[in-house]
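The structure appears right after this line, and notes come after that.
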Amino acid sequence: MLSLIPAVYEVVTITGDVAGAGTDANVFVTLFGEYGITPKVHLASKSRTAFEKAKTDVFRIRTHNVGALKKIRIEHDNTGMNASWFLDRVVVTDVIRPHLRFYFACNNWLSKVSGDGLYIRDLLGSMDPMDMPKYNKYAVTVFTPDLKGSGTDADVFINIFGELGDTGERRLDNDKNNFEKGSEDKFTIEAPNLGKVRKITIGHNNKGSSAGWFVIVDDMGNKIVYEFPINRWFALDEDDGKIQRDILVGGSQPTGIVYNVQIVTGYIRGAGTNSNIHIVMHGTKGIKNSGKVFLEGGKFERGLTDIFNVEIAALLSPLSRVTIGHDNDGVSSGWFCEKVVVYCPFTGIEQTFPCSKWLDEKEGDGLIERELYEMVSLRQKRQKKHPWSLWIWTSDIPGAGTDAAISFQVYGEKGKSDEMRLDNKTDNFEQGQVDRFIVELSDLGTLTKLRIWHEKRNPFAGWHLSKATLMKTLTKEKYTFPCERWLDTNEDDNEVVRELAATGQQVAEPVTVCTGNVGGSGTDASVFLNLIGDRGDTGDRQLVNCKNNVNKFEKGNLDEFLVEAVAIGQVCRVRIGHDGKGGGCGWFLDKVVVREDGQAEAQAVEFPCNRWLDRNEDDGQIVRELLPFADGQRLYNVGYHIAVKTGDVPGGSSDSGVFVKLYGEKGNTSKMLLVVSANNLGNYFETGRIDIFTVETFDIGQINRLMIGHTNEGMRAGWFLDSVQILVPVHGKQYMFPSHRWLDDCEADGKTEVEIYPSEILEMEQLINYEVTVVTGDVMFAGTNAKVFIQIYGDKGKTEVLTTLCFCDFLHGFYSDDGQLARELVPVDEAFMRREDDEEGTGATLGLEQKSMSTTYTLKLKTGEKKYAGTDANVFAILFGENDDTGIINLKACKNYKNKFEKGMINEFTVEAVDLGELVKLRIGHDNSGGSSGWFLDWVEVDAPSQGQRLRFPCGRWLDKGEDDGAIVRDLYPADLQTELYMPFVPYEIKIFTSDVFGAGTDADVFIVLYGRNALCTQQKYLCVNKRERRLYFERGAEDMFIVELEDIGDVIEKIRIGHDNRGSNPGWHLDRVEIRRQLRKGKVGSETTIFPCECWLAKSEDDGETVRELVPSEIITEKLLRDGKLKTTEVEVEDALETHAYNVTVRTGDMYRAGTDANVFLTIYGDLGDTGERKLAKSENNKNKFERGEVDKFTIEAVDLGQVFKIRIRHDNSMAGADWYLDQVEVLDLETEEVYMFLCERWLSTKKEDKRIERTFFVKVCSKKSCINLFNGTPHYKLNTLVISDSFNLKKNLVFHPVIPYHFTVSTGMDRDASTTARVFVIIIGPSDVETDRMWLDLPEGKKAFTAGTMEHFVCYGTDVGEIKRVELGHNGVTPESCWLADELSVAVPTKGIKYIFPCKCWLAKDRGDGLTARLFNVLDSSTINIIRKVIYSATVVTGDTQYAGTDTNIFLTVFGANGSTEEMLLPKNEDRFERDQEDTFSLEIDDIAPLKKIRVRIDATGSRPDWFLDRVTKRLATSVSVYIRELAVKNKRTEKTKVCELAAVVDEEEMVEKTTYIIQVQTSDVGGAGTDANVSVIVFGEFGDTGMLPLKESSNRNKFERKMKDVFRFPDILSLGELSKVRVWHDNKGLAPGWHLEYIDVKDETMDQTFRFPCDRWLAKSEDDGQIMRELACANNDSLDLSEKTKYEIATITANTDDASTTENAWIVLEGRKARSKEFVLENKKKKFLNGATDTFEFSSKHVGEIAGICLGHVTKDGKKVKKEALWHVMEVVVTEMELGNKYFFHCDAQIPLAAKKDHFLTFECYKSVESFASKVRNLVPVKYEIIVITGDVKKGGTDANVFITIYGVNGDSGKRHLRQKFRNLFERGQTDRFVLDMLDLGELLRVKVEHDNEGSNGGWYLECVEVTNTANSVTTIFQCGKWLDPYKADGQIQRVLYPRY
């Protein structure tokens, strides 16, 4: 547990004072402690001048806590011009526990050429600097055998591993000719004591060869001798090809665990290397490691993957990290490593270690070795396998050896292994020879047999096998398989396959193969057979040696064969097939008969087939599995539909034969060649194509992996496999196997077969097998050539139409209406057919009744953007629901385009269907007709308003016989994340009666809006869908009926609005009435018709010129179906209908330059009973030329009573030359009620001014009659603030159970082709116990449509507080290949917790890329964590004053000051309508935890068209997530004078927190030559309550300011007091003739406190003097007198948990652990009932100063020191320690139960999680310090900048101010350049962050910043701030400033 706590160590290196002692190499250190080992840490970057002769360097490293240090390993990588280094000593201090300081003496060279040649040293440590720890000596003796060629000239190395660690790699060299044939060589190694030695690693660097060795290690210190017999070759071309081995003490029996290591070299220019690559694998917690393993034999070329099997005599998996590096040797030594993948078969764990960096001393950071950490989210669990040793004994008889390739397969009680080929580096299988192999087998249980064979049938391939032996490496479990037979076609029984039994007996199975008696039934192909029994199988056996026929498999033949095998039990299946080769390869197989040798013929088992094995007959299959004769024989096989997609990359196709093997929970299939495609695309496995194969075999259960590969034959054998998809309809599952890799011996890792695990398993509709037998009658002409189909019906429904349907037959002819040839009819009650009021006898209109029983679907089909994506074919669709399907729908009548299905087009169709239920599937296809029939369909959207859902069916594939998989019909399924739900619509039957008067008809487009109660209304609905309907409808005297689906507006229709668009040749319209019929609600049968009379014109040239009317109902007719079947009709007049009101609208145009407009103005008035709809303000009643500057225009609008008016929406159409308009105010007078509603506007409606909007919404300000002031005031519709306020200030129970906090996300998209996506991206945060947030959508801002390649987007979302984040899910809702996305990086910041996680994604989220997933789960262990400033959520309300022109468009900034610091300046976003006159605007602000608040500063920058702003007050509220605790601060400012900055004191309980004062600033210019200045001087004064802001020193007591030896006095009245002052920042602008200035001091007098504070300077502020700085920070000299005594008092407050059994009656004790010292034990005596439940108890102690308190030890002890009789616990929640002299507070969150003990040797340790430093303490640290700032510009294209760069550094003691980074005569910030700057400033303490920015000036403003390093030269502590991002307005997120946090 303790080792997981992060720690910061200070590492001090002292380089010796000898000639050439310094080094240019990269130095690393590893710490070994009692809790574990740290990773190897790089101590300095190339930018620093470290490790110089006689120099002391200080580094701070953050890593996990390893406790008290035992030793360190310090090393360098031997790079650079002068790599040798003389190290004197190292001192390591635990920064959090400074009393833990360890000294490590070295006084030796770390050099390859000096001293003893070591550049890696282990140093023992001690807390006593005078102590010299003793090292142990190990004598190593190496015996080289007396064999030919056994000596070596290579460099031999050894690593000795013991209980307490290892020696590291040591070269064995003693200045003589070592390792010669038959020699004995001795060496001495000095190292720390390793304890009992366990093993050694010995090897060489391949500069020669070497034979077996015998090694003796003499532990001289412990006086123990260890022997290591080896007796193996160390050579690439001998034995197993290894030049390095792990050897255990005592014996040569193999005990190693094999690790499969894949090294992926990046695909960038120059990525490959000629260097020797090595790897070190570190076990869990880093305690065990593999030692340095050299990866010999790899290519390490660009884009290739090298695979190595590394045998280590230790179980390290799962690994904690790996170290990868090279020796920097060779011509092209630099190497770009993409990643390392390590798979341990023994544990079944595959781990991925991303790198994506150079290992090159000339690139990047210059490292040639890196520590790589696992990306935990990519960890895969594979099948476990155990290492076995296999010995093969070839018989010692003449001709026994073979050159053939030998393969074997092992069977056990739990299954069988894969087929494996045996190969190693030596000449195998020679006469009398024993060959040894290491093989990996899964858990097979007790082994039963071994099958061994070879494939060569030529005369020289014969082999006589004596026996085989298998031994499990770890358990020494051993099996022997005797053979003593030939595997030869010319010897014995001519077989080349043998099955060897470990237990049981060998049997022979006579097999009879019966060829059918039909024409052409015989075959010349090679036939194979596999007998499958209940105890195993025979494997595929070639049927070569026929016992009764020379010419096999001829028509009508019965061919007999003998198959020898270990007993397989009862034969239950026969797999038989042929290779499809030869002229007459097609074969009609009648049956196979199997019996055991010696059994009677009657006991033989018959396996009928009676089918073709022919690619051109039957179903085209040439391999079949046969079952014993029974009914429904074919039902017992399961069909696996395997879709293989070849990648769309150049050269990706293959001519090889492809095979697969499926592994399931119930068993595995055999290796099956994919020879007959179900979709028959001709040439298989072509680039970009999908080939589908159907395999029928036994049920293997759920598939857990598959093996796929090819035979590597043919002209183009290499193959790029994109993915495999397997559908198992019988199981209802679909398996996705992503691959996206080469299977090519010349590409990537050189593999031609690979195992793939499913990335996801999708549920699909489960089907069952039906065997259908169709018997055609035996009469003349009984057969048919027609396409036969079948559909099966049952109790639960029906199947789809099965077998072949020719869709073309349904798609010809002329189409009217919607082009359908089929209709679905619904029943209607007979009573509706006998309506008495059907006067004209035209029959009842039943549209509404029919509509209510059916569903209207709107289909939108998006044709893709690809070339030739459109189609001329006839397209059809079928919708499948839970209850039924629609049948074939011909998509002919498109609503929006005449030429359908063109590239990029969205076509819309309407479909009617009855009772489908929920849609589950959509089938879409075409008939392949027309000149260009191929079609790329992007997606289909189905909108069902009556169901309230809009479904998206993604496709993203071709429907083309020449593309993809050749399919022209596809089944599509809805994407859940793209489904939209809304309130279901209901049907309305609308009848429009046009009057019978002259010219009454219209060609215009008529629309209608229905209104219910409470202003509930439908959308505006146009009644005609096309021009044809507009011409047909609304004729004079016509009655037109429309059935429309609209929103449900409730029981009552209060009014309707009907109008038209005034277009067409005859737009004028005389409307008689409107009738709207709806079905009765609440389950009643019948309808209700509401009549709306009109009888007036809707025409510009008639009546009042209005084209829109609002109508109220006159009567309601109800038809209700009674129980007796009769229809009852009632008519009721509407008595309480709304009245029509006239509204006088007065519009005042502002009186300013060009305020008037010539555009068309439109107005909508909203009331609580409805709205007017948009009305054009066409004709002013008082002005001919309306909307002129300073004019008032009046208009009258008639509308149905709106009730209480609360807002208006006004806009113009931006037409005409002078469209810009300044609107002052709008007044609405209701003539009926005489109420006046005032709307204050004072805004531009312009595309050029303010926010460039021409539409605005205003809320009522004044109502003259009723109290409607501020009704619906503010802007209640911005989503972000609504969410924050409701969640932050909810009821207490909501805060406890559903706390919501802000999460900040930054998402970077990769730079690859197709990296962008238009899909919606989401994030889910997961905490402990799988508590998770809702899906938080990262919706792009307006104007951005996609996550574009190379961009960075920022989002703030609010979600559930899940506690400590464990995992983060990132995904999107796209499911088509077109929506693929390359996520590069995701950062998640949690401001309320002060932490930020950065996840390096670098992965595809796509269906056709990577692992095929569109969402990925990232483990928090994958992230790098940064501590950021902790924030508190405040709600701030800003109230703009109620005076003319009070509103503003300017930028408003807010700074908050508290007792514990201040925030940075925050911009309050305008968000369109904020900061308007008499308006309250509420913000959610994330503010640093600086409470209690003292004051705020509001600043405006006077930009915008309305730069002035009248601020009334600001209110802030704070809520915690524990309980509702509200603190209210009110500030007021009603001064009429204008100012750009306003400071407001906090008011709590009507008391101001800060008083006002007058500051008198006296500036003394020095008495030195040229001391005066003509520049403009400014100061900022800092104090206890913040700062004054910038104070320009303008009005002095002297006319000529800042002259030599003069004192200038400046007075600043009415400034909020700062309390005690701490520092002054003073600077000038360097302008004027003589800007240089020598400042003596500054005095600041606070008149209220009557106290003067002096700030001495005595330095130049001049670019040409001193250090060239024109800004200085001056510390207050008044604080120098403060001196601390040696002793102080500490107040300790303990908070006991408020739970049962939390209290204690015993004592507690505490020890304070400070950075200077530890305190003694303080006993917290339990007097007067302390430590009760929920109690806070306070204790006070005197002690020496321990410095800053880092931790406490807390114990629970008995009062009398007696033994504990029974277990007792004290549950303490929190401890707060206050240092009384300075007032610093330290908080310790415990929440732990401390057990009672008799002695003080049991305790718990807690780290300080929060400290509050007092002002007095901070002031003491303000001393001048020089900071060295190193800025590294990235080595990327156009990475440099010509702009001016600025930096602000923030520390615990404040900030540096904005400093300009500049140097004389140097071109700064160029690509790949390192720039150094030295700045004087007051000590900032521990650095928290830096802000780097530039002004984007110059020809090349964009800048790629790599990192910033800041070194405090006073204590040599360096803090590194990584960036690695652009500061460029045109790249990434477009920002030109970055806030960077430290990474140690």
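Including glycine, each Cβ sits where the backbone N, Cα and C put it.
Quantities reported herein were computed from a predicted structural model and do not represent experimental measurements.
The annotation domain 'PLAT' is assigned in TrEMBL to 7-124, 136-248, 257-373, 386-501, 507-627, 638-757, 855-973, 986-1112, 1301-1419, 1432-1545, 1557-1675, 1825-1941 (among others).
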Region pair the domain 'PLAT' (1825-1941) / the domain 'PLAT' (986-1112), three or more CB pairs under 8 Å: no
Predicted model, mean pLDDT over the domain 'PLAT' (986-1112): 90
Among 136-248, 257-373, 638-757, 1301-1419, stretch most in contact with the domain 'PLAT' (7-124) (C-beta, under 8 angstroms): 257-373
Per-state residue totals over the domain 'PLAT' (136-248) - DSSP helix, strand, coil: 0 helix, 54 strand, 59 coil
Listed stretch, out of 136-248, 386-501, 855-973, that has the most CB pairs under 8 angstroms to the domain 'PLAT' (257-373): 136-248
Structural state census, the domain 'PLAT' (986-1112) (DSSP three-state): 9 helix, 61 strand, 57 coil
Secondary structure content of the domain 'PLAT' (855-973), with strand meaning DSSP E or B: 0 helix, 60 strand, 59 coil
For the domain 'PLAT' (7-124), the number of residues DSSP places in helix, strand and coil: 0 helix, 62 strand, 56 coil
